[in-house]
Amino acid sequence: MEKATTYFGLIFIGLLFGSAHADLKLGFYAQSCPKAEQIVSEFVKKHIPNAPTLAASLLRMHFHDCFVRGCDGSVLINSTSNNQAEKAAIPNQSLRGFGFIDNLKALLEAACPGVVSCADTLALAARDAVVTIGGPFWNVPTGRRDGTISNATETLNNIPAPSFNFTQLQTSFANKGLNLTDLVLLSGAHTIGITHCGPLTFSNRLYNFTGKGDQDPALDSEYAANLKKNKCRSLSDNTTIVEMDPGSFRTFDLGYYKLLLKRRGIFVSDSSLTKNSFTNAYVSKLVDGPVSEFFKEFALAMEKMGRVEVKTGSIGEIRKKCAVINS
């Protein structure tokens, strides 16, 4: 009975999504700010080639935004003396690119004051940044409005952690109306990502997996030895940078999935994708297919994620500055 209730609850959530994103549409700003998307594209194309790793950062920021209160730009809001915002939460402390979005928003405000939301600015910038480094293009229907609430605790409760097992991942994504296919595809963004050593990310897999000074047996032993020798030399190292897709972390390709099948996914959450028959088979299918198929499927998953719990119509606001709620 409990499973049935959960199932129907997810259907109900799906129905809510259906009505929530009805107002998003391609070219939403065609009349109100005709050059909005051009301004974003030109700014991104000018700056991302000089800082290509920022593409992964903006993509991650978009993901973290959508998983907390939907894609409403709440991840961009600064903390105040009375409120610890999403930025302050541990999963977001390593995010980069806030200044990039602020500068881009300033250009949009200069062209069309009070028209283009920060949520749309982030969604468009993430897409254009990925395209600029040679990754896939996806449609970004616009019309999102900005949220007025940003809470650090909600971040911890909603963003899937690197330590999540398969069941936790499945539940986290289902809570946002995303299925197992979306889980595999969106995880593919790790093909251009970097992370840091540390027990909150993955160092416990090398040094203290079950609290007994042991190593995670699911992690390839040769890869683990290499990480210990050349990267994370102790459990307490929180600063050393590690590529999630060693060898091609600047290239949007199938390298991440190939590593998963070799038991070289760096997070427990990565490794978890091979623990389920459906997701493991889907990873294998992607690896065996052309990269163009991955691009096509990833694009669909990104557009779907970009619709999660969006605010449209009269809900929310259009923030003048992305880091500050309108007074």
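Cβ atoms here come from the backbone N, Cα and C positions, even for glycine.
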Member of Cys232, Cys322 annotated by TrEMBL as disulfide partner of Cys118:
Cys322
Using Cβ-Cβ distances, find the residues under 8 Å from Cys118 (disulfide bond) that belong to the same chain and are at least 6 apart in sequence, listing them in sequence order.
Gly73, Leu76, Ile101, Lys105, Asp146, Arg319, Cys322
CB contacts for Cys322 (disulfide bond) [other CB atoms within 10 A, all chains]:
24
Please name which of the recorded positions listed here, Cys33, Arg60, Pro160, Cys197, Cys232, is nearest in space to His190 (heme b binding site), Cα against Cα.
Arg60
Out of the disulfide-bonded residues Cys33, Cys71, Cys112, give me the one sitting nearest to Arg60 (site 'Transition state stabilizer') by CA distance.
Cys71
Using a Cβ cut-off under 8 Å and a sequence separation of 6 or more, which residues in the same chain sit near Cys232 (disulfide bond)?
Cys197, Gly198, Phe202, Ser203, Leu206, Thr240, Val242
Nearest of the recorded positions to Cys33 (disulfide bond) by CA-CA distance, picking from Cys66, Cys71, Pro160?
Cys71
